[in-house]
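Participant: This structure is in structure tokens; I'll ask about it shortly.
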Amino acid sequence: MRCLALDIGGTKIAAAIVKNGEIEQRQQIHTPRENVVEGMHQALGKLLADYEGQFDYVAVASTGIINNGILSALNPKNLGGLAEFPLKASIAKHTDKPIGLLNDAQAATYAEYQLQNSEQVSNFVFITVSTGVGGGIVLNQILQTGSRGIAGHIGHTLADPNGAICGCGRRGCVEAIASGRAIEAVSSQWEDPCDPKEVFERFRKNDEKATALVERSAKAIANLIADLVISLDIQKIAIGGSVGLAEGYLSLVEKYLQDFPSIYCCEIETAKFGQDAGLIGAAYWVKDVLLDKPEGTIYG
């Protein structure tokens, strides 16, 4: 089956035909920044028209929370005016093909899980440490999306009850400590301020302040991993994102994991899919749901 896959992010919308896990005719446009609701309707309509007659179903990976086809977020400000946007209905105006939607981190998780031996790894987690911290959870070989679409928002578990206020409104979330945004919140206040990329450059040069800041992030992720393993019996975790894949970061996470009893640990690896993980994962997931639900019922 041919899939029109869409990956909707805060700054870009990627689209491609996905067939047998291969991406064709990929294009990318900017996410609307002005008149965002009407702009998004128009952008989706144009993308559907561009690929008309070339797909059998539509799969969407999107930032935020997808619940009954509606786009929302723990922090609505992250959507730039698109909170409560009728994403599925907007797409359905332009096609009668089946449509499936899920969160972009959930989609990336499903893509990464395709690389695993499901007989050996039935419980799997993907963690992305980037501007924010997100992820997805596979239990008993099934991607967990939840009744409200929020399953896998692991960046909003507690890291420090006395920590900074997170964008979601809660104090001390993992995201408020480990993310690129959290790193920059500290480094931008230094006498010699810098962005997260330079923080890691200084870290690799053994700068004391940068090292402490990166270690703080890595410790939070190590504790998150331990919590996931002990609560869900996770067998393997893949880590991605611009922070998660930064040179030296994963080894720090593994170092802090070694301080825990072994029962809190599992195999850790770097994520293999890059920027197209959402496109590929969404295409695979919706196809699998279609096969499992012959009547055509699609989640999202």
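Glycine too: its Cβ is placed from the backbone N, Cα and C atoms.
Straight out of Swiss-Prot:
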type	residues	note
BINDING	5-12, 132-139	ATP binding site
BINDING	His156, Cys166, Cys168, Cys173	Zn(2+) binding site
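Help me picture these features in the structure, burial and contacts included.
Facilitator: According to DSSP, Gly136 (ATP binding site) is assigned to a strand segment. Neighbour count (other Cβ atoms within 10 Å of the Cβ, all protein chains): 30 for Gly136 (ATP binding site).
Within its own chain, Cys166 (Zn(2+) binding site) has Asn75, His156, Gly172, Cys173, Glu175, Ala176 as residues 6 or more apart in sequence whose C-beta sits under 8 angstroms from its own.
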Participant: Quick one: pull the CA-CA distance for Gly136 (ATP binding site) versus Cys168 (Zn(2+) binding site), whole Å only.
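Facilitator: Spelling it out, the Cα of Gly136 (ATP binding site) and the Cα of Cys168 (Zn(2+) binding site) are 18 Å apart.
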Participant: Which one of these binding-site residues, Val138, Cys168, Cys173, has the sparsest Cβ neighbourhood, judged by other Cβ atoms within 10 angstroms?
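Facilitator: Minimum Cβ neighbour count within 10 Å, taken over the binding-site residues Val138, Cys168, Cys173, occurs at Cys168.
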Participant: Across all the protein chains here, work out how many other Cβ atoms are within 10 Å of the Cβ of Thr11 (ATP binding site).
Facilitator: 9
Participant: How far is it from Asp7 (ATP binding site) to Cys168 (Zn(2+) binding site), counting Cα to Cα, in Å?
Facilitator: 22
Participant: With a 10 Å radius around each C-beta, find which of these binding-site residues (Ala5, Asp7, Gly134, His156) has the fewest other C-beta atoms nearby.
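Facilitator: Looking at the binding-site residues Ala5, Asp7, Gly134, His156, the Cβ with the fewest others within 10 Å is that of His156.
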Participant: Given the binding-site residues Gly9, Gly132, which one has the fewest other C-beta atoms within 10 angstroms of its C-beta?
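Facilitator: So among Gly9, Gly132, the binding-site residues given, the one with the fewest Cβ atoms within 10 Å is Gly9.
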Participant: In terms of Cα spacing, which of the binding-site residues Thr11, Gly132, Gly134, Val138 are within 10 angstroms of Cys168 (Zn(2+) binding site)?
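Facilitator: Those close enough: none at all.
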